[in-house]
Amino acid sequence: MVKSTMSAILVLALHLFVLHLQYSEVQSLANTSAHDFSYLEFVYDANDTELEGTYDYIIVGGGTAGCPLAATLSANYSVLVLERGTLPTEYPNLLTSDGFIYNLQQEDDGQTPVERFVSGDGIDNVRGRVLGGTSMINAGVYVRANTSFFNQTGIEWDMDLVNKTYDWVEDTIVFKPDFQFWQNLTGTAFLEVGILPDNGFSLDHLEGTRLTGSTFDNNGTRHASDELLNKGDPNNLRVAVHAAVEKIIFSSDSSGVTAIGVIYTDSNGTTHQAFVRGDGEVILSAGPIGSPQLLLLSGVGLESYLTSLNISVVASHPYVGQYIYDNPRNFINILPPNPIEASTVTVLGITSDFYQCSISSLPFSTAPFGFFPNPTYPLPNTTFAHIVNKVPGPLSHGTVLLQSTSDVRVAPNVTFNYYSNTTDLAHCVSGMKKIGEFLSSDALKPYKVEDLPGIEGFDILGIPLPENQTDDAAFETFCREAVASYWHYHGGCLVGEVLDDDFRVTGINALRVVDGSTFPSTPASHPQGFYLMLGRYMGTKILQERLASEEALHKSTFEPKILESLESALSFAFES
């Protein structure tokens, strides 16, 4: 018995050593550093902004996509970013990997960077309320979008620009993670149970097992989208925090309905107005909850719904707030017999049916909101491992509906209808069975409290897997009863329904949406890499559009003058 145990440990150590070598490829990414707050020179509290101002672009939401979008547009134009949340400097725990759990534990006082809500499904959830958005409160996982995702969007992407844009993001806020024991153990187990091939270190969404990028550096410092503001022109950028945008201002004439500005309030309740000049635009980057909410409050939505709420209809858009999705998260928690070090997610197991990862954590006495399905879930009194399954897509979808027609600070009612689509449920069953194999692997044997076969022998925190690994009905019940949010909700302002392929709101001039509300599926196992890229990408595309338009205008007005001058000169020459 002792000999076989020692052999297993030696084999495990060899696996870990080989895995570590495979993950040691060199990649040019960001260098470990302190979080760079240089951008604070052009950040203001909304209380200190003018009551009325005019800009080339107004961006509603300084989050994952909004910050790189603003930085890019500021190269040529004046940009105002209106962020409803606070500065990350107010909450230092945001800036550390240890703070991920702490920030979920912090009570929501209406100002804290993690805003709590409970979906119509009864599932605890959170959203970012801070400059940097969810990139400032998430688990730091960085992945490029699945190649097939681009093909499914209905958009003709400039893939050369996409890749250059990823590089622009990655050389500032993305890092190659150092060795973490639990993450390497997780990778070993994934390979053992057939999540192949071993892809080493890669930022690409690839089927198999790999080490991926992180927005936490190897000192545990968080880097987020706010730092991309440093790449902008400080003379053209103005960011206002604690700025709650209440409505979009529209004008209407023979050319149609046009967004010309926004109304926002500061923390004292004072009303401000900001307008766009000339060919400028209002761009919503308020996320899958905030962007549909603001459109509805501004009179853009299903006509009968808006009328029933006594909201004046500006434009009939039946799909605003429809088709919002959230990837279900199911999991198993194990309590090892001996303490394990805490780790952040850096190793991923990817298949076509499910995405998997694991974290190890210290014990806690206060429940992190949304981490477990509900407040009654048992809490760990020792270190534990959280082994997670994510359903890709998904196909199940729900709605965003207003709870207040006058106050944007009142969160809308969001329902996701988890597992209402049978394909999603089948993917959960498949994934949780694979987690059963994961628990049965040789790599996990040292973490049992009893030497029992298969999935037995673990000290399980919370709901255990069904004992019969072939009982699909029992697994379906498990999936439904133990579901939590992966915090990767998306949709509500879909391209092809609400937006055209340039992210413009159809039927309205000078209004776009650039954020996580725009697509019906998650772009990769973890979406933040795509939306960081999207902000920069769309900023570049808009600059290109403006340049082409201005060159055409210049040509059309300049050439006739040249011809007129030439004609006069020729006439004078012939006459003389």
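The backbone N, Cα and C atoms fix where each Cβ goes, glycine too.
For reference, Swiss-Prot has these:
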ACT_SITE  His488  active site, proton donor
ACT_SITE  His526  active site, proton acceptor
BINDING   64-65, 83-84, Val130, Thr134, 138-141, Val245, 487-488, Gly516, 527-528  FAD binding site
DISULFID  Cys428-Cys479  disulfide bond
CARBOHYD  Asn31  N-linked glycosylation site
CARBOHYD  Asn47  N-linked glycosylation site
CARBOHYD  Asn146  N-linked glycosylation site
CARBOHYD  Asn151  N-linked glycosylation site
CARBOHYD  Asn163  N-linked glycosylation site
CARBOHYD  Asn184  N-linked glycosylation site
CARBOHYD  Asn268  N-linked glycosylation site
CARBOHYD  Asn310  N-linked glycosylation site
CARBOHYD  Asn381  N-linked glycosylation site
CARBOHYD  Asn413  N-linked glycosylation site
CARBOHYD  Asn421  N-linked glycosylation site
CARBOHYD  Asn468  N-linked glycosylation site
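All features noted in Swiss-Prot, drawn onto the structure.
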{"residue": "Asn47", "record": "N-linked glycosylation site", "Cβ within 10 Å": "14"}
{"residue": "Thr64", "record": "FAD binding site", "Cβ within 10 Å": "32"}
{"residue": "Asn138", "record": "FAD binding site", "Cβ within 10 Å": "24"}
{"residue": "Gly140", "record": "FAD binding site", "Cβ within 10 Å": "25"}
{"residue": "Val245", "record": "FAD binding site", "Cβ within 10 Å": "25"}
{"residue": "Asn310", "record": "N-linked glycosylation site", "Cβ within 10 Å": "7"}
{"residue": "Asn413", "record": "N-linked glycosylation site", "Cβ within 10 Å": "15"}
{"residue": "Cys428", "record": "disulfide bond", "Cβ within 10 Å": "28"}
{"residue": "His488", "record": "active site, proton donor", "Cβ within 10 Å": "23"}
{"residue": "His526", "record": "active site, proton acceptor", "Cβ within 10 Å": "26"}
Euclidean distance between Cα atoms of Val245 (FAD binding site) and Asn468 (N-linked glycosylation site), Å: 52
C-beta crowding around Asn184 (N-linked glycosylation site), within 10 angstroms: 21
Candidate with the highest Cβ count within 10 Å, taken from the glycosylation sites Asn146, Asn163, Asn268, Asn468: Asn146
Candidates Asn31, Val130, Asn151, Asn184, His526, Pro527, namely the recorded positions, that fall within 10 Å of His488 (active site, proton donor) by Cα distance: His526, Pro527
Minimum Cα separation from Gly140 (FAD binding site), reported as the residue among glycosylation sites Asn31, Asn146, Asn163 that achieves it: Asn31
For Asn381 (N-linked glycosylation site): intrachain residues, at least 6 apart, with Cβ closer than 8 Å: Pro363
Residue among recorded positions Asn163, Asn184, Asn421, Cys479 with Cα closest to the Cα of Glu83 (FAD binding site): Asn163
All-chain count of other Cβ atoms within 10 Å of Glu83 (FAD binding site): 31
Asn47 (N-linked glycosylation site) versus glycosylation sites Asn146, Asn151, Asn184, Asn310, Asn421 - nearest by Cα: Asn310
